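Q: I'd like to ask some things about the structure below.
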Amino acid sequence: MDRKSFSYWFVTYLAILTLFFNDYVSSFPSGYNNGPGPQGYGLVSNLDYRFYDRSCPRLQMIVKSGVWKAFKVDSRIAASILRLHFHDCFVNGCDGSILLEDTEDFRGEKNARPNRNSVRGFEVIENIKSDIESSCPLTVSCADIVALAAREAVVLTGGPFWPVPLGRRDSLTASEQAANTNLPSPFEPLANITAKFVALGLDLKDVVVLSGAHTIGFAQCFVFKHRLFNFKGSGQPDPNLAASSVLLSKLKNTCPNVDSSDSKLAALDAASAVKFDNAYYVNLMNNVGLLDSDQTLMTDSTAAALVKSYSENPYLFSRDFAVSMVKMGNIGVMTGSDGVIRAKCGFPG
């Protein structure tokens with residue numbers, strides 16, 4: 001290829017890339033810019049995509065490397081880190097409070113009912129924090145590390161990339177009670193789950209989109225075992241699952257109807273448990289969502305229409321997932337002089 005041809009090819013490539021990026025980022029809620037003041041969806045954010053460009057220029061590479069190292073050892077960790085971010089943001093905002101150990105002054109969120117023996121990835125975040133402290137002492141918050149790590153976990157499993165606004169500060173406390181109250185449960189009806197989202201400035205679309213995170217990861221048997229053996233006290237399986245005899249048989253083998261199977265694991269999306277794609281929505285269209293809170297999306301006409309769209313259009317799902325993750329990542333953030341930058345993520349001081 002001669003120089004003239006190469007130059008033409010390179011300029012064309014940059015033009016296409018610019019158009020794609022502008023289209024992708026322009027789909028983000030307009031409230032999420034880098035300016036101060038009230039933002040869209042009832043949230044307030046002073047976050048900045050380039051917050052650490054000067055103070056910690058290697059930050060994103062350090063986070064990416066830390067997530068990759070953990071993923072090589074345990075492919076489940078991608079879904080665990082994504083869930084960690086979700087559970088952090090839904091309890092008093094995205095402030096890293098879920099990472100705190102119990103102290104004499106408070107009972108933290110780690111051992112709250114939705115998190116106990118369930119939420120994982122704490123050591124991954126702590127290891128990344130340690131590496132960052134070596135390069136940029138007392139500069140990067142644990143809350144920002146969790147937000148970046150969640151993005152890297154999605155990208156690593158084949159999902160979309162999105163720019164993460166940064167500048168969050170860490171909380172000094174955590175609340176077991178708030179975690180028990182605020183986190184949506186897989187046993188709750190859709191109306192209750194949606195209400196918890198709305199209370200944080202999110203909406204039904206965000207419920208449907210963020211539920212798509214269940215395209216990766218696993219659930220413990222006790223969360224869905226009633227659907228296999230005694231759905232709504234009938235003594236029979238959920239008719240939706242029963243319609244797929246192969247899946248039902250497989251799940252019963254994994255989760256026999258005994259207490260000792262409660263902590264065993266089954267893939268949330270059996271078609272692609274470690275691949276971030278739109279198969280989750282295809283499952284819902286086929287009435288084989290694993291959790292009650294998954295399949296119940298099909299009981300609402302608005303939610304069901306979104307499920308259908310995402311089952312048919314993986315690009316649309318990827319785009320909307322990125323948008324909803326940015327929205328969620330702005331819930332209740334502390335910036336400026338509020339909060340602290342922890343030296344270790346598990347301890348407030």
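Here the Cβ of each residue, glycine as well, is placed from N, Cα and C on the backbone.
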Q: Could you tell me which of Cys56, Cys89, Cys221 is bonded to Cys136 by a disulfide, according to TrEMBL?
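A: Recorded disulfide partner of Cys136 in TrEMBL: Cys56.
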Q: Do you know which of Cys94, Cys142 TrEMBL records in a disulfide with Cys89?
A: Cys94
Q: Quick check for you: of the disulfide-bonded residues Cys56, Cys221, Cys255, which have their Cα within 10 Å of the Cα of Cys94 (disulfide bond)?
A: none
Q: Could you check which of these binding-site residues, Asp95, Ser97, Glu109, sit within 10 Å of Cys89 (disulfide bond), going Cα to Cα?
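A: Cα within 10 Å of Cys89 (disulfide bond): Asp95, Ser97.
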Q: Could you check which of the recorded positions (Asp88, Asp95, Cys221) sits closest to Cys136 (disulfide bond), going Cα to Cα?
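A: Among Asp88, Asp95, Cys221, Asp95.
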Q: Spatially, and counting Cα to Cα, which of the recorded positions is closest to Cys56 (disulfide bond)? Options: His87, Val91, Gly93, Asp95, Glu109.
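A: Result for Cys56 (disulfide bond): the nearest of the recorded positions is Asp95.
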Q: Counting other Cβ atoms within 10 Å of each residue's Cβ, which of the disulfide-bonded residues Cys94, Cys136, Cys221 comes out lowest?
A: Cys136
